[in-house]
Amino acid sequence: MSTTIDLDKAATAPTFTGISAGRKARNSLATVLMTLAFLVALVPLVWVIWTVVSQGIAAIVSSTWWSQSLNGLLARQEGGGAYHAIVGTLLQGLVCAIIATPIGIMVAIYLVEYGAGTRLARATTFMVDILTGVPSIVAALFVYAVWISIFGLPRSAFAVSLALVLLMLPVVVRSTEEMLRIVPDDLREASYALGVPKWKTIVKVVIPTALSGMLTGIVLALARVMGETAPVLILVAYAPYINFDIFGGNMASLPLMMTVERSNPTDAGADRLWGAAITLILIITIFQLLAAFLSKVTAPKTK
Amino acid sequence: MAKRLDLKDVDIYYGKFHAVDSVSLAVPPRSVTAFIGPSGCGKSTVLRTLNRMHEVIPGARVDGEILLDGENIYGPSVDPVSVRRTIGMVFQRPNPFPTMSIRDNVVAGLKLQGRKGKKELDEVAERALRGANLWNEVKDRLAKPGGGLSGGQQQRLCIARAIAVQPDVLLMDEPCSALDPISTLAIEDLISELKADYTIVIVTHNMQQAARVSDQTAFFNLRATGEPGRLVEIDDTPKMFSNPTEQATEDYISGRFG
Ligand SMILES: Nc1ncnc2c1ncn2[C@@H]1O[C@H](COP(=O)(O)OP(=O)(O)OP(=O)(O)O)[C@@H](O)[C@H]1O
Ligand SMILES: [Mg+2]
């Protein structure tokens, strides 16, 4: 083969064309628009974080914030801490998670593994969808109506947890359901073919395979409901002291502490309000990191 | 170990769809039977009825008798789980359990059936992996996840997993279709070795493979699309490939099909 140009050959148009000017222009325009949209979305985010941190940082770095309640302090008196509210938020969240997680997982297992296509499964899915859209105030009023008006039981942290269960349950069902559905049927069949009964296949093969995503979904659902305000406003009274009894007495929580301190016009009130806000954001962030960590640890590995 | 299978007038349905029509055939112990036939003629369907995996699909149903050493596996008091313990299965796509190590994959059947004892399980794992010609390749990384092996190794891992529960019969649905020629040969050699202890039924689209590994070959076909699949003929492999009784078989084997 010679490398010189064959002058006798007829000239042909090149097969490939350059990028047209029109496409270049559209590309630049789209890039600019998307960057702008990104900035517009970023501004409020940064602003919120900046406001909360700058207003609240003074409160949470004080030595007593994480270890003391506000018991015995006057509204205008500086000092004390949010320990009572942190305990309340975590307790109410924990009780809610203890109730909602097993129920949610079992409902999801029923929907995916047993109920597929049955009328009961369709009705359940429909109900879960509706529950997903129920506003927290409605869940709180429902619990108030049943727990307090009908059963005559006192307002308590447990009532709050029940309302949170109503909010957390559909999210747990939905996320668990999705995770179970993406477990390939191949694995279930492989297990059946080894002579493993169905329930054991679910417990030992399907759930471990889906576990990583299930845990993420559950922790995120919990983080979401811990910031809910309507249930704590309606179902329990604020207490400036520490209360571990979920069935009786008043109990603080971070959202409740914020609404109470909002009507405190002094500087001390403002500090507590923003301090509680940061604390709530911090707790939710920690839960989200925990979710990411759990999902990483439990994910199926290939190496 | 190694029992015979007899199918008597087996009709197979998916809901209302009649997938396979009246199959009768016998699989002698310690032999390899190959199922061949065009796509959609019901080979996998027949294979899956042999260990009651067919009924896992909602609406799926089987009529007729399938006898394992004379005992009907579809008898009214027979637990499908116990049938599957006796008749193992290897699937077309390798499907090791992603959350388990290589060793745990091999002993998964025993462990999930509730048998414990670390030492016993270690021995079973080694025996099964040697049986599946995989021991030398994985003996240094038994604790590593099964998903990290190559496709061919994963398929042999699945074979090891199936023989670790010591079934009487081993069913294989196109076990080599996702593998390269070398892994395929490794598995064919393995099948010839396993024949000494197991009754084997294998589905394959590869005529040479059927000719190489099987003692008898069953040819399935459809009369027309939409009609149920049926068994055209079953005979000793050499005879099927040199001088089959049915014209349809000869056409299919010589590539004059359709
Ligand atoms: N889960 C199912 N539900 C309904 N019909 C099915 C199902 N699986 C298979 N069939 C139908 O049953 C018939 C036989 O299918 P089968 O999978 O047994 O074919 P095959 O011979 O194994 O084909 P291939 O060689 O492509 O694997 C086909 O008509 C198929 O569409
Ligand atoms: Mg098939």
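These residue numbers are counts, starting from 1, taken along the chain as shown.
Glycine too: its Cβ is placed from the backbone N, Cα and C atoms.
What TrEMBL says about this protein:
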TRANSMEM  A:29-62  transmembrane segment
TRANSMEM  A:82-112  transmembrane segment
DOMAIN    A:86-295  domain 'ABC transmembrane type-1'
TRANSMEM  A:124-150  transmembrane segment
TRANSMEM  A:156-173  transmembrane segment
TRANSMEM  A:205-226  transmembrane segment
TRANSMEM  A:232-252  transmembrane segment
TRANSMEM  A:273-294  transmembrane segment
Out of A:82-112, A:156-173, A:205-226, A:232-252, A:273-294, what stretch is closest in contact terms to the transmembrane segment (A:29-62), meaning most Cβ pairs under 8 angstroms?
A:273-294
Using a cut-off of under 8 Å between C-beta atoms, tell me which stretch among A:82-112, A:124-150, A:156-173, A:205-226 contacts the transmembrane segment (A:273-294) the most.
A:205-226
The answer for the transmembrane segment (A:205-226), taking Cβ pairs under 8 Å and residues 6+ beyond its ends, is 89-90, 92-93, 96-97, 100-101, 104-105, 113, 164, 167-168, 171-172, 174-176, 178-180, 182-183, 187-188, 190-191, 196, 280, 283-284, 287-288, 290-292, 294-296, 298-300
